[in-house]
């Protein structure tokens, strides 16, 4: 067999018969089947990179198949073993990998030029010695990795990202030994240690700037100055995978054994229909259902049909009952999700039930608004036992305490993947204003905001004058101004949009 030549002219199907024996003898050429139609050479090469150098590739576009040749047989064996335990996915479809009957690929270079160019580019980055001409790989990508430890920051964290989701994504590039997660400067961060700096390098190249879920949870990755992490506890914040015997520490529950078993059998999570996932399809090659299942198992993300963390109704208490209205709660909670219904309790008017569109939104609103001041009182926000907010019976006047906002035109998150998902920030003294008509000047806006009872400390228009930043003296004043002025009619059919900003002026 070893002298057999495969030429890349597409009519070789006769030679590929009998390639589907799973138990073929090991070969450094792998046969990959069931590829999605639009898949690129780069994506196929990326499957092999974590295991060693990729030396050739042949795509059979019409047949949704490819041959991938690795530099050594051991690399190919490691790759086949890994992917037999963890089903590989490209563009959310499972694909199949097995040894080919061919011992090497001899491809007709003119037909395979594009693949060769891709291969050279990828290899140049991987061997980290030849700068790439004409491609946009930054210098830092080409310098050899110093540390096996990566520092990961997650931007636009609209859905919670758990330690297990990180483990699942980063394991594609080699064995992950340890992970520590923490929050710093209001941002979720993690330190993650591989056994070898080369794995860290490949993960950084492949994942930096990628989104975990659709249009949110963007990974920002750097090498850490640390070369070894010291993990004291195994819990949902930190984990040392080399030492399962560590205690869970400070009353943090260790991972529930049932969940741990689910992660061990990671492939069992892949059985979830992708439709069950809130974030549409995931641009990263984690099967999104698995990531969401992992997060849901950790009780953070509400998925239809998963009870953990899926509660959409919030109980808000310690409200200022003289001042609060369903509309004001709709506006404030609407910053973090689409409020469906609000009910101020008839017998206890300092408390209200607020129904959000999904469990993620209620979780976000709770995380951001619990403990903030509204109308001079520190409000408490918790998940309610109720599944929905009941509307009053027909013909019963409940004094306007219950309001259905299901069809409100003011929902911020109706469009999946809209920019608004990426601009969710905790309440802050600085507000972001948009949709300002040309005729409205800085002075007009300063006056308008001062009339809400606070002090305007600073103001700055963006270049196009349609948007501005405006800073109030305190977070409480900014919350009040947002409640009063979001959707305020500035004339010329422009309704002002107000949200919290992460910038300062």
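In case you wondered, yes, glycine gets a Cβ from its N, Cα and C as well.
On a predicted model such as this, the values are computed, not experimentally measured, just so you know.
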Ranges in play 1-22, 23-44, with TrEMBL marking region 'Disordered' at 1-22
In DSSP terms, the domain 'RRM' (150-226) comprises 22 helix, 34 strand, 21 coil
Given 28-102, 312-386, 429-503, the one sharing the most C-beta pairs under 8 Å with the domain 'RRM' (150-226) is 28-102
Residue counts for the domain 'RRM' (28-102) under DSSP, helix then strand then coil, are 27 helix, 26 strand, 22 coil
